[in-house]
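Trainee: Quick one: the structure is below, and I'll ask about it shortly.
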Amino acid sequence: MAMIPSISKLLFVAICLFVHMSVSFGDFSIVGYSQDDLTSTERLIQLFNSWMLNHNKFYENVDEKLYRFEIFKDNLNYIDETNKKNNSYWLGLNEFADLSNDEFNEKYVGSLIDATIEQSYDEEFINEDTVNLPENVDWRKKGAVTPVRHQGSCGSCWAFSAVATVEGINKIRTGKLVELSEQELVDCERRSHGCKGGYPPYALEYVAKNGIHLRSKYPYKAKQGTCRAKQVGGPIVKTSGVGRVQPNNEGNLLNAIAKQPVSVVVESKGRPFQLYKGGIFEGPCGTKVDHAVTAVGYGKSGGKGYILIKNSWGTAWGEKGYIRIKRAPGNSPGVCGLYKSSYYPTKN
């Protein structure tokens, strides 16, 4: 895609008015645009307006809209150039397409306390044989995964990751899938810092000690408040303890995932991760982990192995809120640091 020059505010407003009547909730392709959309400024503005409608985006004034359009256009150029390469994944115009990578990182990334902290938990999955593992695991198909949620601009990924694992093990042990409260962890888990970051095993320790309420009783607010756990009525879900997967090994993590959903961490700050739309993601990314997610399965597609990850950025990101990250065989930190820090709840 050839870069289209920036336009003046007056021209931008004029074109916006011209195309306004024709904009509707279009049926976007899987990546959110077609090559025809790249042929003129008018088509780009129409695409931008359609994208705004699809993602319920509103801007305070024309200056802000023009600023976001320029970022959108730059991201679209990056998406198109990336998708022309022979990758196993593709990018698209998701919810974050009007954010620069710096803005995206400030709002959604870096919400982990140092994930290299070593904890003295049970290490049940150490150097176990992978020969007898099932070829594919998907805990969604077994009814152990609740719908994808959105953490908003609160740095609470650690709470979402932990809660998803507790929901999973509770379903496996009791046969009941219930949605649990991330907000309780944001408000009440004292070693973490609410919307300013946390650490999944601390959250899992909290649940083992105190239990956790239903999401309907303690709903998510995307901001830290006063702990209300003692005032909230209704049932709670409790676990028995916390387990740790020995890090930096594919087999250990696969063994753990085969038994239950697992909290994992990744480096998510890169532009490809921000704009990921589908396929098996293989980078580029580093291993300085900054975001907690949940491994809910694994498998192979087109001969490539992957770990199935549930994220907390809503269903408009990735594969309806999920990402498949390429497996790295043997001993390594894994793609995007996926094997570096993995924990799970235990429940008798």
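Just so you know, glycine gets a Cβ as well, placed from its N, Cα and C.
From Swiss-Prot, for reference:
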| type | residues | note |
| --- | --- | --- |
| ACT_SITE | Cys157 | active site |
| ACT_SITE | His291 | active site |
| ACT_SITE | Asn311 | active site |
| BINDING | Cys157 | E64 binding site |
| DISULFID | Cys154-Cys195 | disulfide bond |
| DISULFID | Cys188-Cys227 | disulfide bond |
| DISULFID | Cys285-Cys336 | disulfide bond |
| CARBOHYD | Asn86 | N-linked glycosylation site |
| SIGNAL | 1-16 | signal peptide |
Trainee: For Cys154 (disulfide bond), find which of the recorded positions Asn86, Cys188, His291, Asn311, Cys336 come within 10 Å, Cα to Cα.
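Mentor: Final answer: none.
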Trainee: Cβ neighbours within 10 Å, counted over all protein chains: which one of the recorded positions Asn86, Asn311 has the most?
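Mentor: For the recorded positions Asn86, Asn311, the Cβ with the most other Cβ atoms within 10 Å is Asn311.
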Trainee: Let me spell it out: for each of the recorded positions (Cys154, Cys157, Cys227, Cys285, Cys336), count the other Cβ atoms within 10 Å of that residue's Cβ, using every protein chain shown. Which one has the most?
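Mentor: Sorting the candidates by Cβ neighbours within 10 Å, the top entry is Cys336.
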Trainee: Of all the recorded positions given, namely Asn86, Cys157, Cys227, Cys285, Cys336, which is spatially nearest to Cys195 (disulfide bond) at the Cα level?
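Mentor: That would be Cys157, the closest of Asn86, Cys157, Cys227, Cys285, Cys336 to Cys195 (disulfide bond).
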Trainee: Taking the Cβ of each of the disulfide-bonded residues and counting other Cβ atoms inside 10 Å, which one has the highest number: Cys188, Cys195?
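Mentor: Ranked by Cβ atoms within 10 Å, first place goes to Cys188.
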Trainee: Mind giving me a neighbour count for His291 (active site)? Other Cβ atoms within 10 Å of its Cβ, every protein chain shown.
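Mentor: Cβ-Cβ neighbours of His291 (active site) within 10 Å number 26.
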Trainee: Restricting the comparison to the active-site residues Cys157, His291, Asn311, which residue's C-alpha is spatially nearest the C-alpha of Cys227 (disulfide bond)?
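Mentor: Closest by Cα: Cys157.
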